[in-house]
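These notes are about the structure you will find just below.
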Amino acid sequence: MVKIAPSILSADFSRLAEQVQAVERAGVDYLHLDVMDGHFVPNITFGPGIIKSLRQNSQLPFDVHLMIDEPERYLESFVAAGADLISVHVEACRHLHRTLETIKELGARPAVALNPATPLSSIEHVLAEVDMVLLMTVNPGFGGQKFIPAVIRKIVQLKKMLDDENLNIDIEVDGGINAETALQAVRAGANVLVAGSAIFGANDIEKAVRTLRMSVNT
Ligand code: DX5
Ligand code: ZN
C-alpha cells in the first residue's frame with residue numbers, strides 16, 4: 001500500500017493547524033515537515049517550535065525531513081518536539097552511521113535522504129540502520145519544482161538493492177510529485193509519496209489527496 005505524506009512547505013502558514021487537519025481528514029499517512037537552515041539548502045523554513053505546536057493539533061505520524069548541516073546537533077530537540085520519523089541527508093552528515101543510531105536511541109525511526117546527484121553507493125553500508133530511504137526527485141530547497149526523470153532509474157536500482165538484501169525498507173520520493181510522476185515513481189519501486197504543491201496548492205485539499213491516491217492505484 002502506497003503512503004501519502006503531504007509537505008506543509010506549500011501550505012498557508014497563517015492557517016497551519018487548519019491545513020494539517022484538512023489532510024488528516026483526507027486520510028493521509030504521514031505529515032511531511034521540511035526543515036531548512038539556509039546553509040545546507042538556500043532557504044529557511046521552521047524548526048522544532050512549530051513542530052511542537054503542530055503536534056498538539058494532529059494525530060498523524062510526523063515525517064521530519066532535515067535539510068540542515070550537522071543534523072546531529074538538533075536530533076534531541078526534534079524528537080522532543082514530536083518527530084516520529086527523521087530523515088537526515090547523507091551529504092550533511094560527517095558520521096552518518098552514528099547519526100542514524102542516535103535517532104534510533106532517541107526513540108524515533110531513522111531515515112536517510114539523498115540529493116538527486118548523490119549515488120546509492122553512499123548508503124550501501126547503512127541500509128541495515130534505516131527504516132526508509134528518501135530519494136530527492138528535485139534539488140532540495142523549494143516547493144513547486146519539476147520532477148527530475150533521471151531519478152526513476154535510481155529508484156529502480158535502490159529497489160533492487162533492497163530486494164537483493166531482503167531488506168524491508170520504505171522508499172520515499174520527494175519533489176515534483178503529482179498524479180503523473182507519482183505513478184512513474186511507484187512503478188519504479190517507491191511506496192511513500194511526498195507532495196507539497198500538488199496538495200496544498202490545490203483549491204480542494206481533500207480532492208487533491210484522493211486524486212493522488214487514485215493515480216497510483218490504477
Ligand atoms: C523540497 C522539499 C519537498 C517539497 C516538495 O526541498 O523537501 O518536501 O516541499 O514540494 P513539491 O511537492 O511542491 O515539489
Ligand atoms: Zn521534503
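Note: Cβ is positioned from N, Cα and C throughout, glycine not excepted.
TrEMBL: automatically predicted annotations, no manual curation.
Counting Cβ atoms from all protein chains shown, Asp34 (active site, proton acceptor) has 25 others lying within 10 Å of its own Cβ. If you look up TrEMBL, you'll see Asp34 marked as active site, proton acceptor.
Other Cβ atoms within 10 Å of the Cβ of Asp174 (active site, proton donor) number 26 in total over all chains. The feature active site, proton donor is assigned by TrEMBL to Asp174.
As annotated by TrEMBL, substrate binding site applies to Ser7, His65, Gly141, Phe142, Gly143, Gly144, Asp174, Gly175, Gly176, Gly196, Ser197. If you draw a 10 Å sphere around the CB of Ser197 (substrate binding site), it holds 18 other CB atoms from the protein chains shown.
According to TrEMBL, the feature divalent metal cation binding site maps to His32, Asp34, His65, Asp174. Less than 8 angstroms from the CB of His32 (divalent metal cation binding site) sit Ala5, Pro6, Ser7, Ile8, Asp63, His65, Asp174, Val194, Gly196, each of them six or more residues away in the same chain. In this structure, His32 (divalent metal cation binding site) is part of a beta strand by DSSP.
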Those binding-site residues among Gly141, Gly143, Gly176, Ser197 lining ligand 2, judged by a Cβ under 6 Å from any of its atoms, are none
If you count Cβ atoms within 10 Å of each one, which of the binding-site residues Ser7, His65, Gly176 comes out on top? His65
Under a criterion of Cβ-Cβ distance under 8 Å and sequence separation of at least 6, what residues of the same chain contact Gly141 (substrate binding site)? Met36, Val41, Pro42, Asn43, Met67
Taking only the CA atoms, the spacing between Ser197 (substrate binding site) and Asp34 (active site, proton acceptor), expressed in whole angstrom, is 13
